[in-house]
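Enquirer: Quick one: the structure is below, and I'll ask about it shortly.
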Amino acid sequence: IPKSFVIPTKVRDKHSMSMFVTTDQLSLPPKYSDDETSPREKTQVNSKGSSDFCVKNIKQAEFGRREIEIAEQDMSALISLRKRAQGEKPLAGAKVVGCTHITAQTAVLIETLVALGAQCRWTACNIYSTQNEVAAALAESGVSVFAWKGESEDDFWWCIDRCVNVEGWQANMILDDGGDLTHWVYKKYPSVFKKVRGIVEESVTGVHRLYQLSKAGKLCVPAMNVNDSVTKQKFDNLYCCRESILDGLKRTTDVMFGGKQVVVCGYGEVGKGCCSALKALGAIVCVTEIDPICALQACMDGFKVVKLNEVVRQMDMVITCTGNKNVVTREHLDRMKNGCIVCNMGHSNTEIDVASLRTPELTWERVRSQVDHVIWPDGKRVILLAEGRLLNLSCSTVPSFVLSITATTQALALIELYNAPEGRYKQDVYLLPKKMDEYVASLHLPNFDAHLTELSDEQAKYMGLNKNGPFKPNYYRYDRCSKTTHHDFDYVQYTHFYCNVV
């Protein structure tokens, strides 16, 4: 845009009474490069002279830094944890290799781990969710990050390998979201995998993979199941998805929700959040379920429980959130009506059989970023979002506050596993203790000016509780209905340093 160009705006320049502001007076973010050259083919260097990273454009770092600073304002609990623990450096010597969504919020987590003493190498768990400017800011700060928005499948695995396979550096901790990093290290670098002190996993898909390894006797390191911690399930999975499902759908389709027929596949915490939000805006929502307990919950919440093939012809939207595969098949897609919106809120891209749509008789038309019209020979169009990948992080953003809860839980899990004495954890999958969940929650209460009621000695004795918690037994799952087959551990070693667990 020429500098002489005048941009009309309803916001007055604070230095002038003019209703117009020129671009000279605006602090605009760096323009995204039109260069389609793959970042793998570029040589980039940060201001410190390091080239141990691969991002879209290192020049976007300043803009990314502003994004991170904005996220920090709503992640005060994680920043509080950083300030409390950074003096002791509880992760000194930890070499963390991570595979998560690379957003401003996860950047706050990564920089917290660095402040606590860890060395980090990072890559993205989703080819569409990376915020390029944030990846650039991390690279500029010295984090070896390999990720950019719009990676190919080959790029995705190349980035993971670059994080793991580096001369003179060997990971001793894994923080994963989806299990792809864990799978890659296990398959390609078994000697590295055996020396890892612990794995922290935050997704349904990744946890399922860990249990498969454990059941087969192939999990040779302890792992922490963050996904099934209360602070992840009840806040990230439920409340985050309740808000971000609407954001993702609005940004991509501009759809009106009132009166729309919607089927949500799966009524776990993610499904509950999606159904609640859609119902509140006037959508007519029904649910598919395999679990009779979840199905009964859906019925009691006012949703009709159906089979997908019974209703798919009438639906305006089909949303998957099961963590399973082939939930929506080609047969379902063939029967959908013109204009039906299809998207996925689960971690993996396996829920919708997208591969079955890549056939000669169907035409794909990209109408905007992350929005494809798949056109049948008779002219029918199905609107597919993010090619069946995670909608909210591929097509929009998620609230910083709720991600602070998950990120704080992840940081504590890493500290616990890294500092646990040898033999404390067997080669299995563990849940965080209730006391740690409660501590994470307590860190976030000041944001609401919330004041907890304290038990009297008499009340604590009557209930058989410690006045300082935990206030629920480990088997208490609040109101969620998922089954647990993992270890709940009652002991916490290092984290008492700053949260008075012991």
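Heads up, residue numbers simply count up from 1 along the chain you see.
In case you wondered, yes, glycine gets a Cβ from its N, Cα and C as well.
Curation plays no part in TrEMBL annotations; they are all automatic predictions.
OK, TrEMBL features for this one:
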type	residues	note
REGION	28-49	region 'Disordered'
COMPBIAS	32-43	compositional bias 'Basic and acidic residues'
BINDING	THR103, ASP177, GLU202, LYS232, ASP236	substrate binding site
DOMAIN	237-398	domain 'S-adenosyl-L-homocysteine hydrolase NAD binding'
BINDING	GLY268, GLU269, VAL270, GLY271, LYS272, GLY273, GLU289, ASN392	NAD(+) binding site
Enquirer: Can you check which residues sit near GLU289 (NAD(+) binding site), meaning Cβ under 8 Å from its Cβ, same chain, 6 or more apart in sequence, and list them in order?
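Expert: Long-range Cβ contacts: GLY266, TYR267, ALA295, ALA298, VAL305.
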Enquirer: Measuring Cα to Cα, how many angstrom lie between GLU202 (substrate binding site) and VAL270 (NAD(+) binding site)?
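Expert: The Cα atom of GLU202 (substrate binding site) is 14 Å away from the Cα atom of VAL270 (NAD(+) binding site).
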Enquirer: Cα within 10 Å of ASP236 (substrate binding site): which of the binding-site residues VAL270, GLY271, LYS272 qualify?
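Expert: Near ASP236 (substrate binding site), where near means Cα within 10 Å, the binding-site residues are VAL270.
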Enquirer: Using the alpha carbons only, what distance in Å do you get between LYS272 (NAD(+) binding site) and LYS232 (substrate binding site) once rounded?
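Expert: Spelling it out, the Cα of LYS272 (NAD(+) binding site) and the Cα of LYS232 (substrate binding site) are 14 Å apart.
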Enquirer: Quick check: of the binding-site residues listed here (THR103, ASP177, LYS232), which one has the Cα closest to that of GLY273 (NAD(+) binding site)?
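Expert: Given the candidates THR103, ASP177, LYS232, the nearest one is LYS232.
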Enquirer: When you rank THR103, ASP177, LYS232 by Cα distance to ASN392 (NAD(+) binding site), which of the binding-site residues ends up on top as the closest?
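Expert: Closest recorded candidate to ASN392 (NAD(+) binding site) by Cα: THR103.
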Enquirer: By a simple count, how many Cβ atoms lie within 10 Å of the Cβ of VAL270 (NAD(+) binding site), its own Cβ left out?
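Expert: Result for VAL270 (NAD(+) binding site): 28 neighbouring Cβ atoms inside 10 Å.
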Enquirer: Given the binding-site residues GLY268, GLY271, GLY273, and counting only Cβ atoms in the protein chains shown, which has the most within 10 Å of its Cβ?
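Expert: Answer by Cβ density within 10 Å: GLY271.
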Enquirer: At the level of the C-alpha atoms, what whole-angstrom distance separates LYS232 (substrate binding site) and GLU269 (NAD(+) binding site)?
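Expert: Here the two Cα atoms are 10 Å apart.
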Enquirer: Ten-angstrom check, please: count other Cβ atoms within 10 Å of the Cβ of THR103 (substrate binding site), all chains counted.
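Expert: Excluding its own Cβ, THR103 (substrate binding site) sees 23 Cβ atoms within 10 Å.
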